[in-house]
Amino acid sequence: MFWTRYAGASILLFLMLIHLGQVYPRNDITNFGCEECKLKENNIFSKPGAPVYQCMGCCFSRAYPTPLRSKKTMLVPKNITSEATCCVAKEVKRVLVNDVKLVNHTDCHCSTCYYHKS
């Protein structure tokens, strides 16, 4: 009787895992909850007939061990080196909305994160 409970629970867990695998078949877990880098309308500054767009979304980032020869040249040696790209505007157009000068993004791409540089 004790073993049948374990077998029943194991089978139930196995069936739930199979169901989850079918519900979320080919989702990339690394981007889960974050859309690709693209233009989206800014609801705060947009008005009917004059939409304002901005770049939003995710790009890649990664971390890896710092190569020894690079570590030797660092003022403050770090064990981990990281790279990241951010969703930035490739092209922009300046617009005036309610006497406020704005930059309307017209094209987006993944590029260097400027706020990470020091």
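The backbone N, Cα and C atoms fix where each Cβ goes, glycine too.
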Per Swiss-Prot, which of C108, C110 is disulfide-bonded to C59? C110
Swiss-Prot annotation: C37 disulfide-bonded to which of C87, C113? C87
Using the record from Swiss-Prot, pick out the residue from C58, C86 that is joined to C34 by a disulfide. C58
Neighbour-count leader, CB within 10 A, disulfide-bonded residues: C58, C87, C110, C113: C87
What subset of the recorded positions N79, N104, C108 lies within 10 angstroms of C87 (disulfide bond), using C-alpha positions? C108
Pick from N79, N104: which of these glycosylation sites has the biggest number of other Cβ atoms within 10 Å of its Cβ? N104
In sequence order, the recorded positions (N79, N104, C108, C110, C113) whose C-alpha falls within 10 A of C58 (disulfide bond): C110
